[in-house]
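Chemist: Input: one structure, supplied below.
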Amino acid sequence: IRFMHVTLLTLCLFCLMLSQVKVYLLALVQAQSESQQPKIQLRLAGDKVKHYEGRLEVFYNNEWGTICDDDFSIEAAHVACRELGFLGAVAWSPSAKFGQGEGRIWLDNVHCTGGEKSLAECPSNGFGVSDCRHSEDVGVVCNQKRIPGHRFTNTMNNNVETIEERVEEIRIRPISSHLKRLPISEGFVEIKERGKWRQICDEHWTPLNSRVVCGMYGFPGEKKYSNKVFKSLSMRKNKNYWGFSVNCTGNEAHMSSCRLGKALVSKRNGTCGRGLPVVVSCVPGRAFAPSSSTGFRKAYRPEQPLVRLRGGANIGEGRVEVLKNGVWGTVCDDNWNLRAATVVCRELGFGSAKEALTGAKLGQGMGPVHMNEVDCSGFEKSLTDCYFNNDALGCSHEEDAAVRCNIPAMGFQKRIRLSGGRNPYEGRVEVLTEKNGSLVWGTVCSENWGMMEAMVVCRQLGLGFASNAFQETWYWAGDASADNVVMSGVRCSGTEMSLPHCLHHGKHISCPRGGGRFAAGVSCSDMAPDLVLNAQLVEQTTYLEDRPMYALQCALEENCLSSTAKKNDHSTYRRLLRFSSQIHNVGQSDFRPKLGHHAWTWHECHRHYHSIEVFTHYDLLSLNGTKVAEGHKASFCLEDTQCDEGIQKRYVCANFGEQGITVGCWDTYRHDIDCQWIDITDVKPGDYILQVVINPNYDVAESDYTNNFMKCKCRYDGYRIWTYQCLTGGSRSSDMDEYPGMSNQLHFR
């Protein structure tokens, strides 16, 4: 037995030695394979609109080259993006989507499993072995979040690598007396490297570098500052300088796009050259500049009247529109890039552009396309100063350009939250407010709470557009400690940056139903529809008809006639101003009625359900704006009458079908159907304004409410009517007369 124990012990020791030898051999093989792997470096280049996407390029054998798209996969994109310091890849693009590169095509037929640490580990044809052309250069879109603590190791001894590949974060650190000032626009520039904040030596720092830093943080420009305070502070503290200088051209949207300058020669006393850390002082745009009265402007107003943004969910984003000869028009996305987008952003009082969007991604505009093939240097004061092609032939509104700008951090998101919802996009609205000297969370009174207020909440939270506004939230279990109402009487115009900027009661809260289950709630969405009326069709189809009362009984039941019609017998006539209305959805999502099937109203006369009770107002106004005719189309059945080429109809009223208007489709109500008129029987001859308003009560969210009304000039002589100069809201300059002179002929009917 003793012999057997010794034998077993010997065998165990032998197995242990074998396993250790195996581990050692594996480690040796792995070390040899790693040492044999080619040393490469990656970068994103080309026609990119974001700093985390672009043409994938490889630095090998002292030369930059591209990668062919043959056999490339999302796994390979993951490997490349992680090697660049991002969490992973979102997508990859073949066929030189980000432009064709130059030089060698280093890699072809790349096969990755996704677990490799470097693209060099993935099997391929070998470096320089390729049968591709640069029209097949591959591109990637990385997850914009960085790997925490990622440190890029520069093995190539070149200075083209980006700062963000070496560090985790960049910040402007204010002096202690400015900590409570928002936005933070002045302070030391610091870079986080391996978890530690480091200063940048100002020896090679230029105003162009400051311009880029300010642009990153949402400021249109930089300014001079008093150096005494910062010099005094820097002398008191130990310096911890970052090891490189920065060389920006001033056009970069982010410091990650700047080239690295000379490496810093460290000195024992911790100084560099003049021995001062970099300080920037930025100029905030008017919308974000502190004021003595309310702290900030209540609503965003553009600084320049020549350019505006439309259709964006948040401040600083939207479709780009320019004013030409008093008419607003869009910009074609041909050659649209970050330089042009940044000119727009800075012109409007924001920072540099985060994204230059193409393909009407923030909705289609209307009217003319004013600019095409825009070419900016990046330093123009206005987009209208850039070179561009007046001829926009071939450009449709499907190619409308848009931007997303960097805006200052105002801290608005920290003072509001949604509680109890099924997802982060919905819930009871809870706000942080000061009470008895301390900050407490509480609810918002839901009395008269509507879509405009919900829009402001979603914008403040950065969650896009509001899709619903709730006056009861009993089905959402919010934070019980925040049941008390702390804000009431809220009235918003919809353009405010935060809920406290809306009109509301002061310290004396008035909310009859209280909070809790009756607190205000919202649900948000990153997309919204946008309805626009075809003004030209209204102008072309207006005419008068005298119709007997016996043929108007259905219309009388549906309240489509003026109040005096109820007193008339069947032998009398009503004079009707008829016209066609064609309502287009040019937004980003379908327009759906607020109410579900169960709440729709069946109309026996017309044999269909009306899904929305107040959808349009048709009114005749005096020149001073007084309503003179009561007729309007109060309720609607919504459906797709026609659609743009390639788009399928989705909604139809017949047989209790789904109702709505699909993106790219329109709902047409012809002039010869019931209620498509204004009853002008009691109107005296004279000059008037024909007004049509869509979605007048804002029951359904839209990305742009300014284009929901249309006005025409009218002349009525008692027998005939002329309509002319029909204009959609927002199509003309607000600085000009809304109807500047007659530009077309009168239409005799």
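Backbone N, Cα and C define each Cβ position, glycine as well.
No curator has checked TrEMBL annotations; they are predicted automatically.
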Chemist: Identify which of C15, C122, C132, C142 is listed by TrEMBL as the disulfide partner of C81.
Modeler: C142
Chemist: Looking at TrEMBL, which of C376, C405 bridges to C386 via a disulfide?
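Modeler: So the cysteine paired with C386 in TrEMBL is C376.
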Chemist: Per TrEMBL, which of C12, C122, C132, C201 is disulfide-bonded to C68?
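Modeler: Checking TrEMBL: disulfide partner of C68 resolves to C132.
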Chemist: If I take the alpha carbons of C122 (disulfide bond) and C68 (disulfide bond), what is the distance between them in whole Å?
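Modeler: Approximately 14 Å lies between the Cα of C122 (disulfide bond) and that of C68 (disulfide bond).
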Chemist: Which of the disulfide-bonded residues C248, C258, C376 has its Cα closest in space to the Cα of C81 (disulfide bond)?
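Modeler: Result: the closest of the disulfide-bonded residues to C81 (disulfide bond) is C258.
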Chemist: For the disulfide-bonded residues C122, C142, C386, which one has its C-beta crowded by the most other C-beta atoms within 10 angstroms?
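Modeler: Going through C122, C142, C386 one by one, the largest Cβ count within 10 Å is at C142.
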Chemist: Please report the number of other Cβ atoms within 10 Å of the Cβ of C248 (disulfide bond).
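Modeler: Cβ-Cβ neighbours of C248 (disulfide bond) within 10 Å number 23.
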Chemist: Count the residues of the domain 'SRCR' (172-283) that DSSP assigns to helix (H, G, I), to strand (E, B) and to coil, and report the three numbers in that order.
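Modeler: So the domain 'SRCR' (172-283) is made up of 26 helix, 33 strand, 53 coil.
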Chemist: Counting other CB atoms within 10 A of each CB, which of the disulfide-bonded residues C81, C112 comes out lowest?
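Modeler: Candidates: the disulfide-bonded residues C81, C112. Fewest Cβ atoms within 10 Å: C112.
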Chemist: With a 10 Å radius around each C-beta, find which of these disulfide-bonded residues (C132, C502) has the fewest other C-beta atoms nearby.
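Modeler: Lowest Cβ count within 10 Å among the disulfide-bonded residues (C132, C502) is C132.
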